[in-house]
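**Student:** Dropping the structure in here first, questions after.
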Amino acid sequence: MNNPKNDNYLSELSKVIWPIERYENKKFLPMAFMMFCILLNYSTLRSIKDGFVVTDIGAEAISFLKTYIVLPSAVIAMVIYVKLCDILKQENVFYVITSFFLGYFALFAFVLYPYPDLVHPDPETIESWSVAYPNVKWFIRIVGKWSFASFYTMAELWGTMMLSLLFWQFANQITKTDEAKRFYSMFGLLANLALPVTSVIIGYCLHEKTQIVAEHLKFVPLFVIMITSSFLVILTYRWMNKNVLTDPRLYDPALVKEKKAKAKMSLIDSFKMIFTSKYVGYIALLLIAYGVSVNLVEGVWKSKVKELYPTKEAYTIYMGKFQFYQGWVAIAFMLIGSNILRKVSWLTAAMITPLMMLITGAAFFAFIFFDSVIAMHLTGILASGPLALAVMIGMIQNVLSKGVKYSLFDATKNMAYIPLDKDLRVKGQAAVEVIGGRFGKSGGAIIQSTFFILFPAFGFVEATPYFASIFFVIVILWIYAVKGLNKEYKVLVNKTEK
């Protein structure tokens, strides 16, 4: 005989492991597959883009690309997107943008990448200009390898346009509130599996023993995979529009309520909000400090990775391994993050990220500044040189900082909005997104690129002590902001509970 208690237990356990109803699989699985394909491309692009720029132009060029090319390109892309939405149906907008990326990947794979000498200016001319105009030498070197700069920009835009905008807009449009509670967490878990899968694919395609194509075309199979993945995204989206959005059990436009538009604020209004509200200002400082501190360490780390892995293939394989660890750590933090939030105070949970950043950042810079001492005492024990150890510590720092962001940092930041009154909560969040989002993502790149313009003789080797000093100042300000916000947060929470 079946035991009812055991049956109930197994039923509850299955809901925890797979909270999707059987009939909902028709809707959930294609969406999860779409997100997996988008993230597969995203993580592959992230590994490759740095390999091309760092090894062919220099690690210093990344900060210039982020500040002067990626940022304006993102603004232009958003303007084009808004215009497309005015003249086309939402479904067709998706096809146009995805097809544009697919077309670019094909162009790069079969024209720009195989024939760099035909599309790039003469290297000697570029070098002579760089010597003649040292303050703008990084701009000149970027122009000299413009196809790699364009690839870097498109890689950055893929994450913004395809994942943050098109996929989530589609998901929010067709997902009911009760479905979202079960679907979205599962999306995160399944999609993060794309990162370790990317690592395996990159490791195989670029391995010296793998002979799929000629040696100088090693990256072509990866580009073919990205083109195929983009095509599968289009096909899946088309299938969902034909088969899911026509199924009344899975999609009813009347039940999926129109979401309220988020409050949008101008840059000036955002500054006013942040400077007039200490509480909102603290939250903005958290976001800015996170973005700047991550970028400052990441730039130095990538320059060290280049020293250790000087070829495109070796560098990209290493970045693939980085994606592998990042994927599993992100999944682990997603699973344990909610438990940490339930068992500790807001202050403790919010303090974990800056303290982790401080400790790992200090260890990373210590391995750079005291490499000769470390080489004397630890190399024999650990069987690795100081450069390899510095790169390893830098990878740990980057993996943890990104893993913690999606679980603890974002969660504690969003919790801080809850005690605010409705008006301040809506306007404050919009202000933080404008100021914190823009200055957090580009702040570190602006600091680094400005430094290299003012001091053209400096590279990352000479600039590291200055960037390290700025890093520690930023993290200390971050800790101060967490403590200050906690005082304000406790006062508001106590008021709302009374």
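Backbone N, Cα and C atoms are what each Cβ position is placed from, and that goes for glycine too.
Remember, predicted model here, so these are calculated numbers, not experimental data.
So Swiss-Prot lists the following for this protein:
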type     : residues                                               : note
BINDING  : Gly436, Gly437, Arg438, Phe439, Gly440, Lys441, Ser442 : ATP binding site
DISULFID : Cys37-Cys85                                            : disulfide bond
TOPO_DOM : 1-33                                                   : topological domain 'Cytoplasmic'
TOPO_DOM : 55-67                                                  : topological domain 'Extracellular'
TOPO_DOM : 89-92                                                  : topological domain 'Cytoplasmic'
TOPO_DOM : 114-147                                                : topological domain 'Extracellular'
TOPO_DOM : 169-184                                                : topological domain 'Cytoplasmic'
TOPO_DOM : 206-218                                                : topological domain 'Extracellular'
TOPO_DOM : 240-279                                                : topological domain 'Cytoplasmic'
TOPO_DOM : 301-320                                                : topological domain 'Extracellular'
TOPO_DOM : 342-348                                                : topological domain 'Cytoplasmic'
TOPO_DOM : 370-379                                                : topological domain 'Extracellular'
TOPO_DOM : 401-438                                                : topological domain 'Cytoplasmic'
TOPO_DOM : 460-465                                                : topological domain 'Extracellular'
TOPO_DOM : 487-498                                                : topological domain 'Cytoplasmic'
TRANSMEM : 34-54                                                  : transmembrane segment
TRANSMEM : 68-88                                                  : transmembrane segment
TRANSMEM : 93-113                                                 : transmembrane segment
TRANSMEM : 148-168                                                : transmembrane segment
TRANSMEM : 185-205                                                : transmembrane segment
TRANSMEM : 219-239                                                : transmembrane segment
TRANSMEM : 280-300                                                : transmembrane segment
TRANSMEM : 321-341                                                : transmembrane segment
TRANSMEM : 349-369                                                : transmembrane segment
TRANSMEM : 380-400                                                : transmembrane segment
TRANSMEM : 439-459                                                : transmembrane segment
TRANSMEM : 466-486                                                : transmembrane segment
**Student:** Restricting to the chain of Gly436 (ATP binding site) and a gap of 6 or more, list residues whose Cβ falls under 8 Å of its Cβ, or answer none.
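**Tutor:** Residues satisfying the criterion: Ile283, Ala284, Leu286, Leu287, Ile288, Gly291.
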**Student:** CA-CA, which of the binding-site residues Arg438, Phe439, Gly440, Lys441, Ser442 lies nearest Cys85 (disulfide bond)?
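**Tutor:** Minimum Cα distance from Cys85 (disulfide bond) across Arg438, Phe439, Gly440, Lys441, Ser442 lands on Arg438.
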**Student:** Between Ser442 (ATP binding site) and Cys37 (disulfide bond), how many Å separate their Cα atoms?
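**Tutor:** Approximately 27 Å lies between the Cα of Ser442 (ATP binding site) and that of Cys37 (disulfide bond).
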**Student:** When only pairs 6 or more apart in sequence are counted, do the transmembrane segment (321-341) and the transmembrane segment (148-168) reach 3 or more Cβ pairs under 8 Å?
**Tutor:** no
**Student:** Among Arg438, Phe439, Gly440, Lys441, these being the binding-site residues, pick the one whose CA is nearest to that of Cys37 (disulfide bond).
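**Tutor:** Among Arg438, Phe439, Gly440, Lys441, Lys441.
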**Student:** Kindly state the mean pLDDT of the topological domain 'Extracellular' (55-67) in the predicted structure.
**Tutor:** 92
**Student:** Let me make sure I understand the structure: which of the recorded positions listed (Cys85, Arg438, Phe439, Gly440, Ser442) has the fewest other Cβ atoms within 10 A of its Cβ?
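**Tutor:** Comparing Cβ neighbour counts within 10 Å for the recorded positions Cys85, Arg438, Phe439, Gly440, Ser442 gives Cys85.
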**Student:** Which residues of the same chain, at least 6 past either end of the transmembrane segment (185-205), have a Cβ under 8 Å from a Cβ in it?
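**Tutor:** For the transmembrane segment (185-205), the nonlocal Cβ contacts are 18-20, 28, 31-32, 35-36, 39-40, 42-44, 47, 171, 212, 218-219, 221-222, 225, 316-317, 319-321, 323-324, 326-328, 330-331, 334, 406.
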